[in-house]
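**Q** Pulled the feature table from TrEMBL, pasting it below:
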- 52-154: domain 'THUMP' (DOMAIN)
- Leu172, Phe173, Lys252, Gly274, Gln283: ATP binding site (BINDING)
Amino acid sequence: MGIIIVRPSGELAIKSSYVRRIFIRKLVKNISTQITVSKWRVDQGYIILETEGDVSRLSYVFGISYFYVAEEINFSTIQELAHAAVEKFAELVRGKKFAVRVRRTGEHEFTSMDIAREVGKLLLPFSAGVDLENPEAIVHIDVIQNRAYLYSEEHQGPNGFPVGTTGKTVVLFSGGLDSPVATWMMMKRGAKPILLNVKLGGELQKNLVIDEIKVLSKWSGGEKLKVYFVDGLKISTYLSNVNKFLRVITLKRIMYKLADFLGRKTGAYSITTGESLSQVSSQTMKNLFVSEYGINRPVFRPLIGMDKEEIVSISRKIGTYELSSKMPEYCIISSKSTVRARLSEVLDNEKDINIDYKDLLDHAEVLEV
Ligand SMILES: Nc1ncnc2c1ncn2[C@@H]1O[C@H](COP(=O)(O)OP(=O)(O)OP(=O)(O)O)[C@@H](O)[C@H]1O
């Protein structure tokens, strides 16, 4: 059993108290899917939790700025606090250059500097001296009213909003490099993704997609991730009648329409893709305009302004890079596309294709990870 102090993302602090309460409650719910929480309270913007389990899992919970495992003490004088700090930290600083870092909230007759000075003075004889610039050991003390939290290590959280607080989005999820990164970025903004894969590559593609979703689910704050696999073969047959230079754009339009339908079915108000401006011919500005023409939901493209290196670096960080690299390109997608599709021509071509989107989705294979 330990006390964990969580500082929510700075963005949560500027919300109205009503919204903040909702977000904090969801954050605690998401935290308790990772570790056991027996009690919690909010004090001066910090969430104080009594917990059991592996705290390192909190590094994956969106909505956390930083967190630490602390010892809680009640105190009335600065000397009392300093003695408790010495008892806890004498061994930590033994023979090392150290620094004391103090944060203080509440009404007190002393400042943070007063605490740091008093604690530093008592720890000095155990140590190799004070070094505020490059300490070998750091003594952290957070004072909130008449309680102090003592700890030696602070862990970074991923910031953002708790997953599930900002709505659902249908993600067009190919499983290539980009769409997993786009999914992660939307989860970071608190969205719950509903994944839609047009199965063009059979079981190999499907299994890679599932493995990628498993990796992404580490970041989902316990929210189950649902994936819809739609029959790609059926869609390919529709496309065989389309002019070959317009096939990629038409396929994209079909995917967007499927996503729009799925959004309506699942209460998701947006569509997310992994497109990045002009990365490939189907992603020129003109083609993106034509692709999403007539779609009722806003299309979010979190990667639109990123280059490949930036996307790769996020993909490595979140753990999907290795799996994405195994994903082959599928021939329809990689076939030549015009860079400036004419809307009227594309719409004209489309007239002869009669796709029953509802039926495609009703027959989709649905899994939850
Ligand atoms: N088979 C598919 N099923 C669902 N969505 C897809 C599929 N193929 C492509 N998409 C969507 O279209 C976007 C662009 O795909 P495209 O193949 O043009 O580029 P990409 O750079 O290879 O993307 P990715 O790396 O995500 O596969 C993808 O990021 C994804 O959102």
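Cβ atoms are placed via backbone N, Cα and C, with glycine included.
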**Q** Helix, strand or coil for Gln283 (ATP binding site)? Use DSSP.
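**A** Gln283 (ATP binding site) sits in a helix per DSSP.
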**Q** Using only the residues recorded as binding ATP (Leu172, Phe173, Lys252, Gly274, Gln283), report the maximum Cα-Cα distance in Å, whole number please.
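**A** Pairwise Cα check on Leu172, Phe173, Lys252, Gly274, Gln283 gives a maximum of 16 Å.
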**Q** Between the binding-site residues Leu172, Phe173, Lys252, Gly274, Gln283, whose Cβ has more other Cβ atoms within 10 Å than any of the rest?
**A** Phe173
**Q** Going by DSSP, is Leu172 (ATP binding site) sitting in a helix, a strand, or coil?
**A** strand
**Q** Restricting attention to the domain 'THUMP' (52-154), give the mean pLDDT.
**A** 95
